[in-house]
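> I am attaching a structure below and will ask some questions about it afterwards.
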Amino acid sequence: MKNITLLGATGSIGKSTLSVVDLHPDKFNIFALSANTNWKQMIKLCNKYQPSYAIMVDEQSAEKLSNAITTDIQVLSSVQALDKIVTHQDTDYVMAAIVGAIGMSSALCGAKAGKRIMLANKESLVLAGDIFMKTVKEFNAELIPVDSEHSAIFQCLKSGKSGLNKIQLTASGGPFLHTPISQFKSITPDEACAHPNWSMGRKISVDSATMMNKGLEVIEAHYLFSLTPKQIDVVIHPQSIVHSSVFYKDGSTLSQLGNPDMRTVIAYAMSYPKRMNSGVSELDLTSTASLEFYQPDFEKFTCLKLAFEALNKGGNAMITMNAANEIAVKYFLNHQISFLDIPKIIDQTLSTMKHTTLNSLEEVINNDLIAREIAHEIIKQYG
């Protein structure tokens, strides 16, 4: 029996994780659950799974949850509580599914404690990739990617990197793949959040629509698999059946295929190196429609281009880019800027922020805060 600390329990990854746990009650126990503000949903989850701990990042939400729970579940609050619970001696696996930079600290603490980190938080590597990977190695932690593309590469590379030419991450293209760029200015938040293949939270849905999500995954792949930017390719694949591919120098290509359902990836991370039932039906190739592949349009999806540029530039560029994107997406979801403004704000923030090398986690956090302040100031010009 493995104890799971699930960070981001009320999000899409959290829900899928619990769905897999439900299939294997003899193998997994929910030790701790966390959420940001959704205390009402947490009441239901606490009643069902009876974790030892429930953490609400928001203090008022924690108080409401504590008042509503009648069992002896310990309710904690704050980001620091997340850091503490992932290092608990009874935590075996950490599902790091908190969206955004706020999820970095707890994932890193789990790695320092030598836990299995099932990483769904891209920002941990985008912000502190070198530090994170060094920590994983130093403390003998296990790092299993919980992302359809990176899980695919992880599986395809099991035979080793000898003779590796490049990897290719697939991208659905989001809801606006065939929308003319002339119509981008009028795109609404609800339209941007209507992903054709995947059920996701609003922030990551917007990232998918701008293709910043794929840009973050490019950076993540760079750190996860120790690849140069030139070894990472992106292809548009609207059906989301081929999750990613590995190309070797002898002309061989290994791809991982499956129905687009995050439970497959989650079950793999939970059962690795074995496999177990995820609740997802197997892919029927005979009934699968034709598979399409396109080169991404970097003029149309500027965020993807900005991500590649930030990776090539190195230093603090990736941290600055991520911070500006999080701020811009927040304003877009609040109907305060247009969809087309998102890449403009990111680009302006990158141009304003001084480029430098960061050598510590404190410097990363400080750079993140400064970049957010700059992005806020830039957005005032768009009012």
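All positions are counted from 1 along the displayed chain.
Backbone N, Cα and C atoms are what each Cβ position is placed from, and that goes for glycine too.
According to Swiss-Prot, the protein carries these features:
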BINDING   Thr10, Gly11, Ser12, Ile13, Asn38, Asn121, Glu123, Gly201  NADPH binding site
BINDING   Lys122, Ser148, Glu149, Ser172, His195, Ser208, Asn213, Lys214, Glu217  1-deoxy-D-xylulose 5-phosphate binding site
BINDING   Asp147, Glu149, Glu217  Mn(2+) binding site
> Run through Thr10, Gly11, Asn38, Gly201 for me and report the binding-site residues whose CA is within 10 Å of the CA of Glu217 (1-deoxy-D-xylulose 5-phosphate binding site), in sequence order.
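Near Glu217 (1-deoxy-D-xylulose 5-phosphate binding site) by Cα: none of them.
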> Around the recorded Mn(2+) site, report the further residues of that chain (criterion: Cβ within 8 Å of the mean position of the Cβ atoms of Asp147, Glu149, Glu217; site residues excluded), sequence-ordered.
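The answer, listed by sequence position, is Lys122, Pro145, Ser148, His150, Ser151, Leu169, Lys214, Glu220, Ala221, Ser244.
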> Could you tally the C-beta atoms, other than its own, that fall within 10 angstroms of the C-beta of Asp147 (Mn(2+) binding site)?
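Cβ-Cβ neighbours of Asp147 (Mn(2+) binding site) within 10 Å number 26.
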> Where the distance is taken from Cα to Cα, which of the binding-site residues Ile13, Asn38, Asn121 turns out closest to His195 (1-deoxy-D-xylulose 5-phosphate binding site)?
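Smallest Cα separation from His195 (1-deoxy-D-xylulose 5-phosphate binding site) among Ile13, Asn38, Asn121: Ile13.
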> Please report the Cα separation of Glu149 (1-deoxy-D-xylulose 5-phosphate binding site) and Asn121 (NADPH binding site) in Å, rounded to an integer.
14
> Three states by DSSP: which one describes Glu149 (1-deoxy-D-xylulose 5-phosphate binding site)?
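Helix, per DSSP.
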> Can you count the other CB atoms that lie within 10 A of the CB of Lys122 (1-deoxy-D-xylulose 5-phosphate binding site)?
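That number is 24.
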> Find the shortest Cα-Cα separation between Ile13 (NADPH binding site) and the binding-site residues Lys122, Asp147, Asn213, and name the residue that gives it.
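For Ile13 (NADPH binding site), the closest Cα among Lys122, Asp147, Asn213 is found at Asp147.
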> Among the binding-site residues Thr10, Ser12, Asn38, Asn213, which residue has the largest number of other Cβ atoms within 10 Å of its own Cβ?
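Of the binding-site residues Thr10, Ser12, Asn38, Asn213, the most buried by Cβ count within 10 Å is Asn213.
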> Any idea what the Cα distance is from Glu123 (NADPH binding site) over to Asp147 (Mn(2+) binding site), rounded to a whole Å?
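Roughly 13 Å, rounded to the nearest whole number.
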> Between Asn121 (NADPH binding site) and Asn213 (1-deoxy-D-xylulose 5-phosphate binding site), what is the CA-CA distance rounded to a whole number of Å?
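Asn121 (NADPH binding site) to Asn213 (1-deoxy-D-xylulose 5-phosphate binding site), Cα-Cα distance: 11 Å.
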> Provide, as an integer number of angstrom, the distance between the C-alpha atoms of Thr10 (NADPH binding site) and Asn213 (1-deoxy-D-xylulose 5-phosphate binding site).
20
